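Trainee: According to TrEMBL, the record shows the following:
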DOMAIN    229-448  domain 'Histidine kinase'
DOMAIN    469-588  domain 'Response regulatory'
MOD_RES   Asp520  4-aspartylphosphate
TRANSMEM  12-33  transmembrane segment
TRANSMEM  45-67  transmembrane segment
TRANSMEM  79-101  transmembrane segment
TRANSMEM  107-130  transmembrane segment
TRANSMEM  142-165  transmembrane segment
Amino acid sequence: METFIESLARGYVALIANIGLLAILAWCVSLFGRHLFVEDYRPNLTVATVLGLTFGSAAALLMNLPVEFQPGIFGDARGAPLMMSGLVGGPVAMVITALMAAATRLWLGGTGADAGVVAIFIYALAGYAWRRMANRIGSTGISTFELVGVSFFTTALTSPVVLFMPSNVQLAVLTSLWPKLWAANILGTLILGSLIHREIQRQQAEHELMIQRVLSERATVAKSKFLAAMSHEIRTPLNGILGIIQLLMNRDLEKPIRDDLKIAQDSGFYLLSLLNQVLDFARIESGQSSIERRQFKVASIIDSLHSIFARQAEAKGLELEVTQTGPCDQDVEGDFNHIRQILFNLMGNALKFTEKGKITLTVRQEQEEDQYRVQFEVTDTGPGIPEKDLGLIFEEFQQSETGRAMPGGSGLGLSIALQLATAMGASLSVRSTLGEGTAFSLMVMVDKAAPRANPLPSPESASHDLPLNILLTEDNEINQRIAKAMLEEMNCKVTIAENGREALQCMTQQPDRFDLIFMDIQMPIMDGIEATKRIKALPLPAGAVPIVALTANAFDEQRAEYLESGMEDVLTKPLHQGELDQFLTYFRSDQDISDRPQPSKQKPELDHGEMVNGEIVKQVITTLTPSGARSFYDDAQSRSHSLIERLKANRNEGRDTQTVSHELRSLLSSIGFQAAVEITRQIEFPEPDQTDPEQLIEALESCLDASVIIAKKHLEGIEDTIIANKEPES
């Protein structure tokens, strides 16, 4: 009786030890990572060898913790690592495991040594055979059902090995030991297989996530390539359309024809602004929004907002209060356009939802070393936002209950504002009390502006008499014609190269002929980037000639690539004659050309392409309702004419005109009438020998009325689109 209890105790100790070893073995296998479990994976020699040594060591240790039923006859869970070695590690791992286990069994010796060695090779071969079969039927081979079946079948297959034992113990082994071996092998294989199976599932899930991440990254790259291609393909024909229109408008045309061309031109530039918005929002969505840094004064933003919204607030019977603290009149550097766009949306929302009381714009500017912390706060006395909606209003296409109760609006304004703020490192927050009002706060850091060493000249100071020899590298015939005509209008001598190789040949053969090279990017034979690198590698003077990209590619990363290749600047198609004129004047100024012509004393001609900033007009239209926008421009026209009359009166009476001019210029700037702004600037800051002030004021009145017509044309186009897209009510 005592011998049985001792045997049972030894069995439990061995069982616990075996289970622990199997768990350690499963952990060791998991260290090899997901590569073991990828479909059709075959371990290389190094991995297979390490696996074989691992499984072999486990089998040897298990044989050293056996249950001895009779002298020299042992039972243990060696079958689990032996079968799993071939199933997981392949033939090399199987052979190494079997050899290590067989050597250990022979070393242990005893009556059943020979039988044990035969059983070891049967277990190992059975595991590898099952691996081959499982691969053919598309199975992992280690499900619970499969492991139980293989263990049961393999243990039965090893039963004839008792014939290698002495005849007097064969029956005892079959009746007492073999049932225990069956149980031990099935249990051991289940434990080890289950642990490895869980690891397989985890690694496969990780592998699937990695695949999805790669696919997502590829989709993002494909989207970026599509947007870049779309931008280029749309801008190229648009350059032809707008370029020809601008060239025609430089001719002496009858008024009806000029008016029709003006409508076509405004529509084209409006289409261009829509394209820019699509690309801008795509950049925001992909986290690639461009930061357009420029110098400005915070006070100019304040003046702009006050000029735009003062009359609208007055029309609704609201008070508009503006307070500012700190050095708001200092030059700073930051993303002026995005800051103004965010505040425009916030002020527009406040005006839309407030029916009584007042709207307050509070601006605080504080210096922090080489930066300024600027906080804009827009507060209204409107209905407020329910607390449960505060977390939703910045999401796309989401509105609060108050917003849904108001007509118009897409639910995108605040979402775009938040994304723009995030893109430039600013913060946008909201607090609201239902029934009392709402306050939106924008906090942004801006840099101190460095003194402008070479300020950009105004369009009116641009010279068409500066002789420049320009090499125009462009493969598109329409683009050649437009750019050549525009440059010749500015008294430039233009030589055309069809591709980068021709440009390189021109610079090699005539190294001192050209002052400037305009370089297209996408061209056959040799593209613009390669041509630029080769030209810059030429000896002086050819290698020092400035090269400017002339491209329909509008993304920031593309611009960075062009500058890195050696180009000095980038101009984006479609070409705008006023911008090209301005650029050439700046270029010549940078080259220390001193023979600029003086401003003409004749009545200034209006540059129709520069008359109205379509982006600002679009902001007004999208922020206000259509009827509100039309009323807005009527008010702006009326108020501007009143200021012009005050300007005339002050001038006739010999009083100061700068204060009125400044107020008028702020108003016109805030509504996008940029041609009128420039004329007003000349009135505010007169220069010697410039156009007579009376002619300037007369030109300003004409320009103002024309600008209002253009703005209303934009509005009519949007209204027509809304009507066309509106679904008929059932």
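From the backbone N, Cα and C atoms, a Cβ is placed for every residue, glycine too.
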Trainee: Across the domain 'Response regulatory' (469-588), what are the DSSP residue counts per state (helix, strand, coil)?
Mentor: 56 helix, 24 strand, 40 coil
Trainee: What residues, ordered by sequence, lie under 8 A Cβ-to-Cβ from Asp520 (4-aspartylphosphate) and sit at least six positions away in the same chain?
Mentor: Thr473, Glu474, Asp475, Asn476, Asn479, Gly528, Ala549, Leu550, Thr551
Trainee: Mean pLDDT for the domain 'Histidine kinase' (229-448), as a whole number?
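Mentor: Across the residues of the domain 'Histidine kinase' (229-448) the model's pLDDT averages 76 on the 0 to 100 scale.
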